[in-house]
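To start, the structure itself, in structure tokens.
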């Protein structure tokens, strides 16, 4: 059988298997010249707006993920008898459980229904859930906390929905005309997520000054402010257009999930397990950071909300530069090695703080610096690259689903980490939370090395071509793209009108006939 023409930019070429006797089987061929032409034209306005609209509201996700850090302290002061450790875990985990459902369900619909529908749905859940959290009430304090728990779950569903819909949309938009796609993706997605933590603390300090000791007003205001970011981009998200990649490669009917699993299972294991390990460390350290800090500051400041928030803000400020450094090097080193370096940071700083905990604890500033550097390494490596790798490792027809599953397994890690954090502190001691972080870092290095592919800035369309040819070779008979193509017209199309991919028909004379397949 004939080999496909090998392009200088194509890392792998797809061939019809030698044992395949079907000479009428059609295949796609990746055309690297089309991508060169796209990139030569510079960043298009529509692509830039799609990236910004997809990522901007993730500030709200970062805000919601981190707001509970200080709210746990506020609730403990306002309701010292009712707000027990188990209730604190219940309220904190409600968002994470909702996030898991949002990631899986909206991940599926992002592929099956569409990117725009999914991202608008995510925005609606975020706005509604956050507003109802601020309005939580009940006949009893426990009743109020149950309402808060339920609507933290609704908010979590919106947060989870944002992950696959926003990240996949940003990745596909960046692929169209952005040369250093990895850095652009990180600045549009993980930067808002990471900035949400310090932003939440800045808002808390302002609200605390305004409201004084009116703790009820503080927590209701803090939840209500979370509506602002999704509201600010809601109109623009309604006007978003569908990416070219999704238009060309979507599978609307009879999605071949079993074939996809057989093809992508090593990558799916890598993204799921690595994300589980990352969230197992970073989420409890974010949610309970106020409690961790209150254990190392002087006793006179343990219940001083402003002091705790200020130290927490310093912690977030030290962790944030990891996002920028990681965004700069990710297209140079590649996703895989950047992730491995970040996990190594968990090993180094986790062991420094854990093994030297009792020596470092009396020096609050030094403790915060080492703690912040550990979190910064998390941002530099897996924090930046889990979303990026999950959106680039899979073809467009299943990208949302695979991303949603990977992120959901990550949030399972967050739930497990949050649930076990307090028992670890109580039974093993505070230092073991950092030693376990180092162990997770070692596991993350191994998983990344074995299962995560070495990606830099490859065209996402190239992965689509490989996956389409794999489906064809395995007898799948469905259609690609939003529009249904007439097969006779496809076979009669000219190569001069071809876009980024072409269909190749192998005949008995081993000739290669190029025809247009992606208009």
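These residue numbers are counts, starting from 1, taken along the chain as shown.
Glycine too: its Cβ is placed from the backbone N, Cα and C atoms.
Note that the coordinates shown come from a computational prediction; the quantities given were computed from them, not determined experimentally.
Annotated features, as they stand in Swiss-Prot:
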REGION    1-32  region 'Disordered'
TRANSMEM  39-59  transmembrane segment
CARBOHYD  93  N-linked glycosylation site
TRANSMEM  94-114  transmembrane segment
TRANSMEM  117-137  transmembrane segment
TRANSMEM  141-161  transmembrane segment
CARBOHYD  175  N-linked glycosylation site
TRANSMEM  186-206  transmembrane segment
TRANSMEM  216-236  transmembrane segment
TRANSMEM  273-293  transmembrane segment
TRANSMEM  313-333  transmembrane segment
TRANSMEM  337-357  transmembrane segment
TRANSMEM  363-383  transmembrane segment
TRANSMEM  404-424  transmembrane segment
TRANSMEM  432-452  transmembrane segment
REGION    487-519  region 'Disordered'
COMPBIAS  487-500  compositional bias 'Acidic residues'
CARBOHYD  506  N-linked glycosylation site
COMPBIAS  508-519  compositional bias 'Basic and acidic residues'
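Looking at 117-137, 216-236, 363-383, the range that has the most CB pairs within less than 8 A of the transmembrane segment (337-357) turns out to be 363-383.
Between the glycosylation sites 93, 175, 175 has the most other Cβ atoms inside 10 Å of its own Cβ, all protein chains included.
Counting same-chain residues at least six beyond the ends of the transmembrane segment (94-114), those with a Cβ under 8 angstroms from any Cβ of the stretch are 64-65, 68, 121-122, 125, 129, 149-150, 152-165, 168, 242, 246, 250-252, 255, 283, 397-405, 407-408, 411-412, 414-415, 418. Through the fold, the transmembrane segment (117-137) approaches residues 54, 57, 60-61, 64, 98, 102, 106, 109-110, 143-145, 147-148, 151-159, 161-162, 164-166, 169, 220-221, 223-224, 226-227, 230-231, 233-234, 237-238, 240, 400 of its own chain, all at least 6 residues removed from its boundaries and within a Cβ separation under 8 Å. Geometry remark: residue 175 (N-linked glycosylation site) versus residue 93 (N-linked glycosylation site), CA distance 35 Å. Residue 175 (N-linked glycosylation site) falls within a helical segment according to DSSP.
Nonlocal intrachain contacts for the transmembrane segment (404-424), taken as residues 6+ away from its ends with a CB within less than 8 angstroms of a stretch CB, comprise 85, 89, 92-93, 96-97, 99-100, 103-108, 110, 160, 163-164, 268, 271-273, 275-284, 287-288, 386-387, 390, 432-433, 436. Sequence-remote contacts of a segment are chain residues at least 6 beyond its ends whose Cβ falls under 8 Å from one of its Cβ atoms, and for the transmembrane segment (313-333) they are 66, 180-183, 186-187, 190-191, 194-195, 197-198, 201-202, 205, 289, 293, 341-342, 368-369, 371-373, 375-381, 383-385, 388, 456-457.
According to DSSP, residue 93 (N-linked glycosylation site) is assigned to a helical segment.
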